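Record features (TrEMBL):
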REGION    1-28  region 'Disordered'
COMPBIAS  1-23  compositional bias 'Polar residues'
TRANSMEM  53-71  transmembrane segment
TRANSMEM  146-170  transmembrane segment
TRANSMEM  185-205  transmembrane segment
TRANSMEM  246-268  transmembrane segment
TRANSMEM  274-301  transmembrane segment
TRANSMEM  322-340  transmembrane segment
Amino acid sequence: MKSCCNSTPKNDKNTLTSTCSHQHQPHHSEVHNNSHSIICDHPLTDTHATPSWLTRMVVLLVFIVSGYYLWQQWPTMLMESIKWQRNINGQLSDLLYDAQQNITAAYSLAGLSFLYGIFHSLGPGHGKVIVTTYLATNPAKIKASLIMTIISAFVQAIVAITLVSILLLFFKSSMRQVNDTADQLISYSFMAMLLLGVIVIYRSLRQAWQLKMAQQHHNHGSECGCGHKHFANADEINNASSLREYIVIIFSIGIRPCTGAILVLLFANMVGLYWLGIISAILMAVGTALTTSAIALLTLSSKKIVSHYLATNERQRIMTRIIIKLLGGILLVLLSLLLLNGHSYGMSPVL
């Protein structure tokens, strides 16, 4: 029996055609390897995933216009906030005097104190500037942000209660002396705000340097199959869970005592119902915590939406976050210097 490999076809032309066809037909594995090489050399990019430059410009324009409108309306908002605070402070003092004669007025005082904390924290204040600036320019988790805002609000109330209690009960200080001491604490809060801005600037510059070094160390392209990680991802390069920064934020906000709580405590001490003033100050902190937590959630949600529309490739996204973080730190430094120079002129004393 003859082998089929040694068999000679009857038609030489067909033989030549078959042989040529067999020689020039690439093997299946070769086609696969070539296609893999092409994919590696020319990585596919999803053009639909990256927003167009027009979308980015529209988003940026919206924020610029919103910021300009807020800047123009700031004096009006400030004056309305001052008028509202004076009216509420007058009502709180009246309720304290009423509670001296009828203790049931304490319920109205408690409700008004809670509402005071909610609506007063909506007004202009350096605490909200710190929270919104930091959360808008730094990666932050929702849970950590809420804890930070809640603790800051209660620290304000605790500082006010401690300050008034020590000065009145132990040193028999006058109202002017209490206000002067609170004024000194306000300066300390602005200094802490300045320190926070410096820390944020330092961290952003260090992260930019680390990103540059990582790119220089791994300069052989992201399409290679070495299995190495060529640059840190966004969560690693922007470590938002910095306990040091959160402590500075809480200190810079909380060290500035709530003036509404101070006034209530002073009035309560005058009518002999100091314990009721303490309850009122705590309820103010509860209302403030609710409002500032809502502001924090709104800030994080807005940042998420903006990040979606401004999203690009990984490296550019990391560098964009670092630049935004740097600008946020610079803004905190400038605002703190402005507040230190003007000593709280034009800013609300509470969150």
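Easy rule for this one: first residue shown is 1, then count along the chain.
Using N, Cα and C of the backbone, Cβ positions are placed for all residues, glycine too.
When the stretches 146-170, 185-205, 274-301, 322-340 are ranked by Cβ pairs under 8 Å to the transmembrane segment (246-268), first place goes to 146-170. With Cβ pairs under 8 Å as the measure, the transmembrane segment (322-340) is packed most heavily against 185-205, out of 146-170, 185-205, 274-301. Nonlocal intrachain contacts for the transmembrane segment (146-170), taken as residues 6+ away from its ends with a CB within less than 8 angstroms of a stretch CB, comprise 117, 121, 127, 131, 177-178, 181-182, 185, 246, 249-251, 253-258, 261-262, 265-266, 269, 278, 281-282, 284-286, 288-289, 292-293, 295-297, 350-351.
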